[in-house]
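Peer 1: Okay, here's the structure, questions in a sec.
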Amino acid sequence: MRLRHKPYAMDRINEYSHIVIGNPEERAGNWKEVFGNEQPIHIEVGTGRGRFMYDMAKANPHINYIGIEKFTSVVVDALDKLIEEELPNLKLINKDAEDLTVFFAKGEIDRVYLNFSDPWPKKRHTKRRLTYKTFLRNYEEVLVEGGEIHFKTDNQGLFEYSLMSMAEYGMLLTYLSLDLHNSDFEGNIMTEYEEKFSSKGHRIYRVEAKYRTEPMQ
């Protein structure tokens with residue numbers, strides 16, 4: 001998908017620097033001070049236009065959320081939503097998630113969401129998938145002990161790869177759905193892509209995976 005250039009994007013992001021946090025590496029270890037409370041912190045890697053994070057933050061005021069999106073022309077759409085109705089428990093980061101361990105201290109995050117990530121279907125691009133072992137290691141580094149990843153996609157190939165990658169990493173798969181919208185799962189909050197794909201009849205896959213607190217036997 002080609003992203004439309006928005007020349008005003010950086011000016012708007014700079015104007016609302018209390019929402020889109022600049023220099024997040026300077027906040028590592030101090031994100032609870034940014035929010036001004038001791039609530040748990042959940043992050044979404046690849047937050048896109050922010051609907052999921054916005055709806056989650058609105059539904060769960062007792063949890064703090066951070067949406068991470070590297071494309072400026074996309075994250076500004078998420079910002080616009082927050083300008084209309086600011087939520088004190090939602091912040092944004094306009095950076096590449098490859099630097100996750102620089103943005104957060106060890107054990108600072110309670111949960112990671114991955115929603116409809118780029119599948120990078122070509123084999124030579126495997127390392128770019130957000131469930132590749134390098135990314136799994138980064139998530140583990142910033143998550144609390146026994147922290148979780150919640151992952152959704154409509155791409156069967158990426159889902160199967162992700163299950164294998166998580167299992168090989170030694171994670172515990174605590175929830176699995178091969179057809180989320182026809183399951184008994186309650187409280188699902190949709191992303192923009194999820195609504196679009198499911199309306200076309202695409203099956204939505206979901207997995208919740210937990211890092212082990214003890215080595216595998």
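Using N, Cα and C of the backbone, Cβ positions are placed for all residues, glycine too.
From Swiss-Prot, here are the annotated features:
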BINDING   E44, E69, D96, D118  S-adenosyl-L-methionine binding site
ACT_SITE  D118  active site
BINDING   K122, D154, T191, E192, Y193, E194  substrate binding site
Peer 1: How many whole Å apart are the CA atoms of D154 (substrate binding site) and E44 (S-adenosyl-L-methionine binding site)?
Peer 2: 17
Peer 1: Sorted by position, what residues of the same chain at least six away from D96 (S-adenosyl-L-methionine binding site) have a C-beta under 8 A from it?
Peer 2: K70
Peer 1: I need the nearest neighbour of E44 (S-adenosyl-L-methionine binding site) among the binding-site residues K122, T191, E192, Y193, E194, using C-alpha distances.
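Peer 2: Nearest candidate: T191.
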Peer 1: If one measures from the C-alpha of T191 (substrate binding site) to the C-alpha of D118 (S-adenosyl-L-methionine binding site), what distance in angstrom results, rounded to a whole number?
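Peer 2: That comes out at 14 Å between the alpha carbons.
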Peer 1: Where does E69 (S-adenosyl-L-methionine binding site) sit in the DSSP three-state scheme?
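Peer 2: Looking at the DSSP assignment, E69 (S-adenosyl-L-methionine binding site) belongs to neither helix nor strand, so coil.
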Peer 1: Pick the one among the binding-site residues E44, E69, D154, E192, E194 whose Cβ has the fewest other Cβ atoms within 10 Å in this structure.
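Peer 2: It is E192 that, of the binding-site residues E44, E69, D154, E192, E194, has the fewest other Cβ atoms within 10 Å.
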Peer 1: Would you pick out, from the binding-site residues D118, K122, T191, the residue whose Cβ has the largest number of other Cβ atoms within 10 Å?
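Peer 2: The residue with the most neighbouring Cβ atoms within 10 Å is T191.
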Peer 1: Three states by DSSP: which one describes E44 (S-adenosyl-L-methionine binding site)?
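Peer 2: Strand, per DSSP.
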Peer 1: From the Cα of E69 (S-adenosyl-L-methionine binding site) across to the Cα of E194 (substrate binding site), what is the distance in angstrom?
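Peer 2: Taking the Cα atoms only, E194 (substrate binding site) lies 17 Å from E69 (S-adenosyl-L-methionine binding site).
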Peer 1: Quick one: Cα separation, K122 (substrate binding site) versus E69 (S-adenosyl-L-methionine binding site), in Å?
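Peer 2: Taking the Cα atoms only, K122 (substrate binding site) lies 22 Å from E69 (S-adenosyl-L-methionine binding site).
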